[in-house]
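Sequence annotations record features per position, and here Swiss-Prot assigns SUMO1 cross-link to Lys4. The N-acetylmethionine annotation in Swiss-Prot covers Met1 and rests on similarity to another entry. Residues annotated as omega-N-methylarginine in Swiss-Prot: Arg672. According to Swiss-Prot, the feature repeat 'WD 3' maps to 110-148. Taken from Swiss-Prot, the feature repeat 'WD 4' applies to 150-191. For 238-278, the entry in Swiss-Prot reads repeat 'WD 6'. Summarising the annotation, Swiss-Prot assigns repeat 'WD 8' to 483-520. As annotated by Swiss-Prot, repeat 'TPR 2' applies to 692-725. Annotation source Swiss-Prot lists repeat 'TPR 3' at 809-842. Annotation comment: Swiss-Prot describes 1042-1075 as repeat 'TPR 8'. Among the features that Swiss-Prot reports, repeat 'TPR 10' is placed at 1276-1309. As annotated by Swiss-Prot, repeat 'TPR 11' applies to 1345-1378. If you look up Swiss-Prot, you'll see 1411-1445 marked as repeat 'TPR 12'. Taken from Swiss-Prot, the feature repeat 'TPR 13' covers 1447-1477. The repeat 'TPR 14' feature in Swiss-Prot is assigned to 1574-1607.
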Amino acid sequence: MQLKHLRTLLSPQDGAAKVTCMAWSQNNAKFAVCTVDRVVLLYDEHGERRDKFSTKPADMKYGRKSYMVKGMAFSPDSTKIAIGQTDNIIYVYKIGEDWGDKKVICNKFIQTSAVTCLQWPAEYIIVFGLAEGKVRLANTKTNKSSTIYGTDSYVVALTTNCSGKGILSGHADGTIVRYFFDDEGSGESQGKLVNHPCPPYALAWATNSIVAAGCDRRIVAYGKEGHVLQTFDYSRDPQEREFTTAAASPGGQSVVLGSYDRLRVFNWSPRRSIWEEAKPKEIANLYTVTALAWKRDGSRLCAGTLCGGVEQFDCCLRRSIYKNKFELTYVGPSQLIVKNLSSGTRVVLKSHYGYEVEEVKILGKERYLVAHTSDTLLLGDLNTNRLSEIPWQGSGGNEKYFFENENVCMIFNAGELTLVEYGSNDSLGSVRTEFMNPHLISVRINERCQRGMEDNKKLAYLVDIKTIAIVDLIGGYNIGTISHESRVDWLELNETGHKLLFRDRKLRLHLYDIESCSKTMILNFCSYVQWVPGSDVLVAQNRNSLCVWYNIEAPERVTMSSIRGDVVGLERGGGKTEVMVTEGVTTVAYTLDEGLIEFGTAIDDGNYTRATAFLETLEMTPETEAMWKTLSKLALEARQLHTAERCFSALGHVAKARFLHETNEIADQVSREYGGEGTDFYQVRARLAMLEKNYKLAEMIFLEQNAVEEAMDMYQELHRWDECIAVAEAKGHPALEKLRRDYYQRLMDTQQEERAGELQESQGDGLAAISLYLKAGLPAKAARLVLTREELLANTELVEHITTALIKGELYERAGDLFEKIRNPQRALECYCKGNAFMKAVELARLAFPVEVVRLEEAWGDHLVQQKQLDAAINHYIEARCSIKAIEAALGARQWKKAIYILDLQDRNTASKYYPRVAQHYASLQEYEIAEELYTKGDRTKDAIDMYTQAGRWEQAHKLAMKCMRPEDVSVLYITQAQEMEKQGKYREAERLYVTVEEPDLAITMFKKHKLYDDMIRLVGKHHPDLLSDTHLHLGKELETEGRLQEAEYHYLEAQEWKATVNMYRSSGLWEEAYRVAKAHGGANAHKHVAYLWAKSLGGEAAVRLLNKLGLLEAAIDHAADNCSFEFAFELSRLALKHKTPEIHLRYAMYLEDEGKFEEAEAEFIRAGKPKEAVLMFVHNQDWEAAQRVAEAHDPDSVAEVLVGQARGALEEKDFQKAEGLLLRAQRPGLALNYYKEAGLWSDALRICKDYVPGQLEALQEEYEREATKKGGRGVEGLVEQARQWEQAGEYSRAVDCYLKVRDSGSSGLMEKCWMKAAELSIKFLPPQRSLEVVRVVGPQLIGIGKHSASAELYLNLDLVKEAIDAFIEGEEWNKAKRVAKELDPRYEDYVDQHYKEFLKNQGKVDSLVGVDVVAALDLYVEQGQWDKCIETATKQNYKILHKYVALYATHLIREGGYAQALALYVQHGAPANPQNFNIYKRIFTDMVSSPGTNNAEAYHSWADLRDVLFNLCENLVKSSEANSAAHEEFEMMLLIAHYYATRSAAQSIKQLETVAARLSVSLLRHTQLLPADKAFYEAGTAAKEVGWENMAFIFFNRFLDLTDAIEEGTLDALDHSDFQDTDIPFEVPLPAKQHVPEAQREEVRDWVLTVSMDQRLEQVLPRDERGVYEASLVAASTGVRALPCLITGYPILRNKIEFKRPGKAANKDNWNKFLMAIKTSHSPVCQDVLKFISQWCGGLPSTSFSFQ
């Protein structure tokens, strides 16, 4: 351990002012320093001074300086300080828990001499030494002190051991004395231990020895029994002075001694068992150390000095940071401090046995400490500061720790589970188990306190997968073992350990009651289960149901509610309990009934007052009633009678409540008079016994107290007179007779004649008793009494009276007995028969009336049958000779043997119908032979067959059937029966039936249908062995589809289809299976291929490991290369077989070469070290440059071969010069010579020979001469030469043939020259026919080499005009072709023109085509999309052509959405009245009125263009055949609409015309057949709203919203037209295909309409005019008169009409003047344009005084 100076707590003074004593509190939070001026300073753990107080003298008269403080110590709870003073007193000050609390003296102990030292080792016990040598004990609880031991020598030092249970005192004479309060089993001696050479002022008691030092400057370490262990002698050190004080670390592993300017540190070495001195802490000017105090956690040491200074030191062996979250400070080998860096909390971990702490871990969500020493294990909970140390032998660090339980650490090691409770130094217990899963272990440690049970510690765990053991951890014995039929996968005890829940793998939830050892299954399909914390309420989930057991004692009573997700947890807090359920992506909380939970908890805890208080808050329901009943029962058992009274009141049990109330009053009175609870008073106990209906116990309690009267009163109150009289008799009570009389009188008064009769009978008065019995209507009792007394039988009148009463009461048997007794057999027999007493009747008849016996036997049998006593009736029927009845009775009684016996005695007809019933019984007993015999006797053979069939006895059934049925009927029967068996799932039986009738195919089909493939295969193999293989294959495919792979494998392999098996496993990723099958069934190399594919699927090192494991690595690399998987091959070789890499590179290069990737192949060849292969590759592909480059760079020896190869290629291309150069570079002139010879180029051959191989020249010349003679020619030159020779010889025909044979692809000039020469010779010298043939051959050949003019000239020489023209056409020499046609044969002029057009078309030369064929050119423009050029060109043509292409362009634009450009076309070129164009005009109109952004002044020109085009169209229609047609009228209407739109846009540009614009928007509504209705109503509503016409706006917006809804729904059926009745706004309008108003604007309208509707300030009616109709309607509904619309507003003109020249055109004068005035004031050009159009449309304007100049 090392000391590091931290801070100065108290600065030293200039002179002597020593610190007399210091002390740290037990909780490490406070540090006290007592100075020379007797003031106690209090510091916090960080060294900040927080408080102080002054000590006081024993007697103030001596003054404050009359004493010194010699000892000071904190109490174990850190709230008090004991101060030992030299004025013979000890004060105990209560300083409180908080700083600043008032300091009060709570104890004082006056002594006989000065207190010299003081310790406070344990609660209430202060130990102190006195100057007179005594060591005494002060008890703060009793406020008394006593002497522990006494010596004659001044006590100079006092210390305690680490546990505080032993004290050590040092005395002035050197004596050191030891005393134990508890030696803790150490066996160490007490008393004088050692005599030190000097007074041991510095005395410390460490773990393993005692260290003492003093003025002799020697430090001595003594053993446990006082022998010297070590001595440290500093007497010869001139720097050292006397040792004044010592302190041992809290762990006892270190000791610090103080002297002058120095602190000496000694550390105990456990390994060497000696003290080792550390480097001393020397501080100049510290002066003498007078006091030392070590913080309880060992982390700080404080030293007080002679000059009044206090220095604080940090003490540690080492420090480390754990996971950047915790600081571990080792203050000693066996002690360390764990500090949480984030929260600052600290825990002191210490080995109580002094073992060195070796390893510290913080586990379990950083809450739990685990540390090892050599022999122990340290555990701790950082949150609760509960620490444990248990013996633990090292197990190699293989322990597994589980921290799921907050009270217990579970340690699993080598199959053994050890439980350690935090804060306990003993393990709770150990058990053997292999199942270390927190869900399979449940520990409950005092989790809920119960009445009468202080400790409750239980464990449940798995012994094996199906056996649960429950252990009581306190006693260490087994309290329950549960053996279950299936594997357990979860278990948990409840908090009290009385119930165990567990769930098995079948998701069945079971509850086990430990006390009764009963197991109950409470839920199926349980996916979640948990006890509610703090209660015995259980929550579980079953599929979509949440199940809650509020009372687990009644597991059948479960509260269920439906949920839609999965339960994920429980949360309890804030007075409620919630079950958290995930529903999709959200979590929903289901709240439980907190009241029911609370009640159960209160009951379990025995807190019945709390349970009552809770129940009083609930309404009375069946569940609440059950809880009240439970509480009443428990309260009675616990003798809590007031609670029980309240329960019965709540339950409405008034009598019990009242009875308990009276009982409580008795108990309370007794309690007040005699003390105690009062429930033990005998009256209270008796009344409780009465409440439980245990009257004998109550009687016994009364009689024990000799309270006979009270017992009798009890019985009388209960009307139990018999017991009352019995008590009176037993106790000889004087009122016995009176009781009896009173009882009899009471019986008579209450008409209890029977009881009175019994009383009289018991007293011997028979007649009176009979009279009372008869009066009570009990003649049977009277008869019984008469029959027992002969004297009463003699009374005939009495007997008659009784028999009459008996017969009247239908007690015939008793009457018969009486008649028989008085010898009247006839009446007796009648009575017996009436009373069904046939036994007595028959016995009487046998004696008195024998003839009646048979009749009576039959009647007796009938009676027994009625009584269902059929068995007894059989013999009676036999006696009565009633065979049929006997048979029926035997059958009914199931007396089958008797029935057979009786049947065998009957004739066949009678018996036949009964045999089958008996046979059915024997068939059910499987006694088939007897049953068959009976069926046969009963002529029911078919039933016998069915019996055998159902029993599976097909052979017997078939044998029997063949005897009595046709074979085909047998087949039908068996197949039908087999189908029934199949339906019942009895497939084997069905199979036997099918096979029996030789229909195995039906059985095969059945097995296939039900997927019983083994049986199917068995039958196929037996009956169709030729189809067995195909069947296996088919089944394999089916099973593979179903995912039943192992079964599929079997069938594939049986079908010899191992490849299918392998592919199946491969596709499912089951490579091991695929490999196994391939290796077992696939021949020598199949498994290698599978292994390769497997490895490829893994890739990387995994593939290498696999292949190495299988021993197929090299084979796999070869296989990868063979299959062109070079990347995989490279990967494998790189990872494992690097020597294979060049080979793979070579194979990869060859692959790339085959693929034509030569550059990549070149690189791979070079990487493979095979550059020559790359050269050969390039040579093979005649890439000479690359070949030469590679050869020169990587293989110089191949350069010559490359040049030779290149030369060979040049020769093949007839490039002899190049070939020659290459061969000469390769220094191979001989080869060049041979090539020239082979090519017949003898002149070049001779030249080469002469220049490079002159030695062979002569031989070459001779060879040339021989070759020339042999061939007569030398190639092309030879042909030309030969031709010339023939020409010179006059053989022109042969010369022509030779010229025609010339073919030299390298010289087209030579060929042309030769062919022209041939033609020239043929024309000049050969006959015309021959010359024609030659020209026809030469002409095409010349054309073929591009000599079209020469070919044409040849043709013209022979007047072949068409061929000449074709030659010019093919050569694209059109002018020459035209000239030839024109001059030589005009018939071909059109021919040339047609080809020229085709040529221009094909070449796209439209500009040139225009001059030839304008329509074709225009079509070509259209095809090319050059519309502007097309229209421009068409403009130059006639009107019809122009408008054809205008229409085409307009159609194109409209399709592209460019209606505006289409409109502009017709503005520019006019709108002809072609019916073909009508759809275009309509489409432009529709697109324009549907387009957004047109309801503004800026859109005027667009509307004006539309208006002008439509006006132009209508003007053209008037002049056409379409005048006045429906189309004409429609376009007139469109013109009017366009005019309204244009006028509206114009009006929108001028503020004063806004009402005109609004009216135009409203007028447009009458044209909604042609306009999008939603847009029109929206614009009308908007306009009306802007000018303040809110009624109209409201109605129009309503209509607009209805229309938008109709568009969404796709139908107008739901529209309400009531607002537009009697208007000309149409109801039937086209449904717009889409919304024309954006969503935002629709929402604005919706909000406005809703606001107005809420205000209710508008009437939902349209404004009316003087006609009484809607003001914008042209038609008056009442008269049908139609008004003209105003040209300016569209509204009807009712007066002040201005008429125009054109009929039907007029304007309202006011609107007209308003419009003119606006134009005059604004000079608006658009409004002027409107007037201009009206003038043009209506034939001029009316006379007006306004001028626009």
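Glycine too: its Cβ is placed from the backbone N, Cα and C atoms.
Residues belonging to the repeat 'WD 6' (238-278) score a mean pLDDT of 92 in the model. The residue listed as 'SUMO1 cross-link': 9 other CB atoms within 10 A of its CB, across all protein chains. With DSSP classes pooled into helix, strand and coil, the tally for the repeat 'TPR 8' (1042-1075) is 26 helix, 0 strand, 8 coil. A simple way to gauge crowding: the CB of Arg672 (omega-N-methylarginine) has 9 other CB atoms within 10 angstroms, across all the protein chains here. Taking H, G and I as helix, E and B as strand and the rest as coil, DSSP gives the repeat 'TPR 2' (692-725) the counts 25 helix, 0 strand, 9 coil. In the three-state DSSP classification, Lys4 (SUMO1 cross-link) falls within a strand. With a threshold of 8 Å between CB atoms, the same-chain residues lying at least 6 positions outside the repeat 'TPR 14' (1574-1607) that come near it are 1489-1490, 1495, 1554-1555, 1557-1558, 1561-1562, 1564-1565, 1567-1568, 1614-1616, 1619-1620, 1631-1632, 1634-1637, 1641-1642, 1645-1646, 1648-1649, 1652, 1658-1663.
Between the C-alpha atoms of the residue listed as 'omega-N-methylarginine' and the residue listed as 'N-acetylmethionine', the distance comes to 69 Å.
Counting every protein chain shown, the Cβ of Met1 (N-acetylmethionine) has 23 other Cβ atoms within 10 Å. Within the same chain, residues 58, 70-77, 80, 82-90, 92, 154-160, 164-165, 167, 169, 171, 177, 179, 181 sit at least 6 positions outside the repeat 'WD 3' (110-148) and bring their C-beta atoms closer than 8 Å to a C-beta of that stretch.
Remark: secondary structure over the repeat 'WD 4' (150-191) totals 0 helix, 20 strand, 22 coil, with classes taken from DSSP.
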